[in-house]
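Enquirer: Sharing a structure with you now.
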């Protein structure tokens, strides 16, 4: 560490110049003047022992994540060092375009990030500079930002403005409150709280970022005086420039809460001046659809006298945590990230940028050489370089290398100049559906075989299927999505190739198939269905042809549930994704009823499969020539044979579970958890291993196909409209609100 004791003074109207050694006990300090107040920040070099200093050559540029007036944010991969293969977000700032004040802000951001270590605040791993640029290497948060979720995840209903459920908001605000409290405990005022600065990780937890406007309070009253932040989120005391404390963040906290719940800002005029007047003087219009607890908290946060604002008292954040709105939050579990987020971003492999703005991700990532600024600028950023003291290795390098065998060329449906045939060679057809065709394909570079599902966008919107596969395809018994391409007319879903064929084929051609084997198979499939249902997902097309083996071993664990073309995710009245734990008060009864019906249909389909495995023939169709009317009439009667043939030898428990899975009333049908708790599943080791007799293979398959052809009369799914149709995007004119600092 450099022990020369120097201080730099930066004045907004002067250039940077050196001062002589001061009386301060600390070395390597940068002394800054802001609004007449002198302060000192540490600019000493931080390097972890055993780690080399980073430089731009150690990072491979993958994609552009964002771009501003004086820099870009890239998705990068470390290509050298002990953390080789790790993915990061690299923030690059051009020194020449930074005003003196911006340079101070960049240095401040680096210092705050280096000091902060919190589960809900983005982590700084490296900081370094070249002659013309500054580099911050940060966590890559794969879920994108909250603004993108506000825009992308909502249906555009003209009559509906609600953006999040109150339970959604409670979760996000609770994590946010802990993050703000941590910053406040370090004497930092965040000052730029807005959806764009709140990122989501792959599990759906938040992390706040962008500390360029953050500030350590500087006078004896712990006040700052800059006119700083994003106008619509500014507290009154920031607007009138009479000095503000950490209490200003709690006003912004209230603005964010209001926006998330209503889809609009509490104070917004036709221009900046009118917005400022509204913040200072306007009466808050409180929507009456908000619960009393929500209204109470919003009013407590929107106190124009900061001393009276909730969170400004001696107990700080504890005042907010004690509010009735957060009454059911376990704050210790929340801090440990043990509470499940209400929304899991649809992410696949590490490089996936599905939730980032395509305006940026579609650009070619280039880091052009920076124009060297004035000679003394480099002095301002002495000590800017930094290596994290605890590199966060959440994802092993081996895993990244394994997942990166084939570079994902397109991970989102936003158009591209890259075509599917540029990377893959198309082979023979392996499956055909109403809206798609499935073919075998070979990756041209690696020669690895895959299956590609080619969907006609005119006939079918694949958005829901893609989101489900990205979100849940990591489950061992759900088919894995590898790549997505879109040429405007067709969408190409590249998936693992199912070499083992269909489940029913293997069962019917197997020399010896027993009741015990049927129990093991049903258990594996039902566990996967239970997982989907627990996430608010219903498949709605669980016919045997959509249950495939990934290899030819016949191992039940190699079964994959495929073809999610008819699958649905549970959504609230505002179109946002929901998980069952949040449904009781926030989803319309008819939606819950429909979702419950769809889940019961999944169980009914498994009952059809189980009946066929045990009996050797289907319950409601005698062959491929049965008409849909005949089949539907038998299904409606709920009558099927449970005597004769194999039924004289299988267990009573087998007959019982079949009867309960095929119950004509969906409300009385078993649920997935109940199936797994049934004695026929629990005691499968005691079941018979005697061979079951079956009908002719083609006759059984034809009857099964006829059954599902008769049932395939589901209504079309509601169409998810483009991002620009959402109320938030329309209100903002598809623009992110910009921050101001004067």
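Placement of Cβ uses the backbone N, Cα and C atoms for every residue, glycine included.
Reproduced below are the annotations present in TrEMBL:
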DOMAIN    59-326  domain 'Protein kinase'
BINDING   65, 66, 67, 68, 69, 70, 71, 72, 73, 91, 453, 460  ATP binding site
ACT_SITE  192  active site, proton acceptor
DOMAIN    327-396  domain 'AGC-kinase C-terminal'
DOMAIN    424-681  domain 'Protein kinase'
ACT_SITE  541  active site, proton acceptor
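Walk me through where these features lie, including what they touch and how far apart they are.
Expert: Here the Cβ of residue 67 (ATP binding site) has 15 other Cβ atoms within 10 Å, regardless of which shown protein chain they belong to. Secondary structure at residue 67 (ATP binding site), taken from DSSP and collapsed to helix, strand or coil, is strand.
Counting every protein chain shown, the number of other Cβ atoms lying within 10 Å of the Cβ of residue 192 (active site, proton acceptor) is 24.
DSSP assigns residue 541 (active site, proton acceptor) to coil in the three-state reduction, placing it in neither a helix nor a strand. Neighbour list (residue 541 (active site, proton acceptor), Cβ cut-off 8 Å, at least 6 residues apart, same chain): 563, 565, 566, 567, 605, 708.
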Enquirer: Tell me, what is the mean pLDDT of the domain 'Protein kinase' (424-681)?
Expert: 86
Enquirer: Same chain only, sequence gap of 6 or more: which residues have a CB within under 8 Å of the CB of residue 73 (ATP binding site)?
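Expert: Counting only residues 6 or more apart in sequence, the Cβ neighbours of residue 73 (ATP binding site) under 8 Å are 64, 65, 66, 67, 89, 90, 91, 92.
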Enquirer: For the C-alpha pair, I'd like the distance in angstrom between residue 453 (ATP binding site) and residue 192 (active site, proton acceptor), rounded off.
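Expert: Computed Cα spacing between residue 453 (ATP binding site) and residue 192 (active site, proton acceptor) is 44 Å.
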